[in-house]
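A.B. asks: Structure below; questions to follow.
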Amino acid sequence: MSEKRYNWTKEEILEIYNKPMMELLYDAATIHRENHDPNTVQVSTLLSIKTGGCPEDCGYCPQAARYHTGLEGNDLMTVPHVKAQALRAKASGSSRVCMGAAWRNVKDGPEFDQVLEMVRTINKLDMEVCCTLGMITENQAKRLAEAGLYAYNHNLDTSEDYYKDVISTRAFEDRLDTISNVRKTNVTVCSGGIIGMGEKLEDRAGMLVALASLNPQPESTPINALVAVEGTPMEDIEPIAIWDMLRMVATTRIVMPETQVRLSAGRTEMSREGQAMCFFAGANSIFAGDKLLTTPNPDVNDDMEMFKLLGLNPQKPFTKVSQPKTVEAQDSEFQTLGEKPRWTRPGHTIERNETAKAKAKLS
Ligand code: SF4
């Protein structure tokens with residue numbers, strides 16, 4: 001059995017990443033089989049419960065208010081709407097609903113209360129509930145846990161070194177602080193990143209060092225390929241080759257043997273053969289549904305056809321961690337603190353964002 005390590009160095013990870021492909025795949029597939037059922041893949045449905053208008057400047061994201069991507073935003077969805085979507089997702093084989101809101105951080109108040117009610121509602125449907133709502137405080141993490149949240153997603157996105165080239169409105173430490181707030185509860189952590197944003201291989205390795213040195217390591221790690229959206233600073237970046245994805249998935253599997261590795265954004269660019277190779281290399285989770293927040297994703301029926309073809313089975317909910325209990329709002333032991341946390345906002349701006357702003361002024 002491979003040993004779980006928290007002290008990987010960038011050099012060691014690069015050595016794994018750059019191995020001859022067949023050796024890399026064999027090593028990753030071996031570790032995968034030691035830790036997971038290789039024929040089971042977890043299926044999550046991502047639901048954008050509040051789209052667009054985000055004050056952050058993540059260079060890849062069409063939801064940032066400062067970029068002009070023609071994206072139609074919406075207000076926070078209602079609880080019945082979310083319930084209906086969750087039931088649809090369940091009927092099509094998803095075991096998890098991940099709700100995303102384009103917020104910088106969670107603010108206590110009626111909107112957060114509404115999200116808590118969504119969490120309660122979906123947990124009662126016996127589905128795993130995940131949220132990605134931006135930065136959260138310890139008290140907010142505890143309230144989400146009490147409502148029955150199964151996982152909280154907060155991606156590191158890239159290496160600490162490259163982070164400031166992608167996002168200038170918050171710092172890498174803010175991400176780690178939110179993850180550590182989630183770890184003060186029983187909620188599992190989902191954290192990964194994006195490749196193909198112009199980063200070096202060292203940055204991919206650096207991101208894996210940061211993720212693998214979290215103790216415990218994240219229960220799930222999404223590996224996204226950049227989907228370049230017109231109007232964002234990254235609009236002109238060419239898609240990465242499948243080989244990059246394969247190497248990244250295999251390396252993630254090797255350095256985080258027990259984590260569920262999720263094929264996320266960029267799957268529409270991948271052939272079925274490419275996806276099959278990724279499953280062989282240790283990916284064991286996908287996002288289902290025709291949209292990933294705002295970017296395209298393969299159709300659910302196509303995915304189920306692919307599963308049939310490959311003999312894969314969707315993972316049942318609560319296979320890895322048991323179902324959390326839901327505490328009703330009136331029985332909550334937590335107060336709304338209305339904290340005004342001081343998340344960092346580094347002062348520098350990034351060149352590409354300035355370019356995007358200038359372009360927007362001209363349009
Ligand atoms: S990735 Fe999230 S935080 Fe960044 S701009 Fe998009 S919605 Fe906002």
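Note that Cβ sites are derived from N, Cα and C of the backbone, with glycine treated the same way.
Not my notes, these are from TrEMBL:
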- CYS54, CYS58, CYS61: [4Fe-4S] cluster binding site (BINDING)
- CYS98, CYS130, CYS190, ARG262: [2Fe-2S] cluster binding site (BINDING)
- 348-357: compositional bias 'Basic and acidic residues' (COMPBIAS)
- 39-267: domain 'Radical SAM core' (DOMAIN)
- 321-363: region 'Disordered' (REGION)
A.B. asks: State the Cα to Cα distance, in Å, between ARG262 ([2Fe-2S] cluster binding site) and CYS54 ([4Fe-4S] cluster binding site), rounded to an integer.
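C.D. replies: Checking the Cα atoms of ARG262 ([2Fe-2S] cluster binding site) and CYS54 ([4Fe-4S] cluster binding site) gives a distance of 25 Å.
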A.B. asks: Identify, among the binding-site residues CYS54, CYS98, CYS130, the residue whose Cβ has the fewest other Cβ atoms within 10 Å in this structure.
C.D. replies: CYS54
A.B. asks: Quick check: with CYS98, CYS130, CYS190, ARG262 left out, which same-chain residues have Cβ atoms within 8 Å of the centroid of the [2Fe-2S] cluster site Cβ atoms?
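C.D. replies: Counting only non-site residues, the set is SER44, LEU46, ARG96, THR132, ALA151, ASN153, SER220, PRO222, SER285, PHE287.
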A.B. asks: What residues, ordered by sequence, lie under 8 A Cβ-to-Cβ from CYS58 ([4Fe-4S] cluster binding site) and sit at least six positions away in the same chain?
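C.D. replies: The list for CYS58 ([4Fe-4S] cluster binding site) reads ALA64, ASP157, VAL166, ILE167, given in order along the sequence.
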A.B. asks: Measuring Cα to Cα, how many angstrom lie between CYS130 ([2Fe-2S] cluster binding site) and CYS54 ([4Fe-4S] cluster binding site)?
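C.D. replies: About 20 Å separates the two Cα atoms.
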A.B. asks: Measuring Cβ to any atom of ligand 1 with a strict under-6 Å cutoff, which of the binding-site residues CYS98, CYS130, CYS190 qualify?
C.D. replies: none
A.B. asks: Enumerate same-chain residues with a sequence separation of six or more from CYS61 ([4Fe-4S] cluster binding site) and a Cβ-Cβ distance below 8 A; give 'none' if the list is empty.
C.D. replies: CYS54, TYR67, VAL229, THR232
A.B. asks: Return the single residue from the binding-site residues list (CYS190, ARG262) that has the minimum number of other CB atoms within 10 Å.
C.D. replies: ARG262
A.B. asks: Mean pLDDT for the domain 'Radical SAM core' (39-267), as a whole number?
C.D. replies: 94
A.B. asks: Quick check: in three-state DSSP terms, what is CYS61 ([4Fe-4S] cluster binding site)?
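C.D. replies: Coil, per DSSP.
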A.B. asks: I want the residues beyond CYS54, CYS58, CYS61 whose C-beta is within 8 angstroms of the mean position of the [4Fe-4S] cluster site's C-beta atoms, in chain order.
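C.D. replies: For the [4Fe-4S] cluster site the neighbour list reads GLU56, ASP57, TYR60, PRO62, GLN63, ALA64, ALA102, ILE167.
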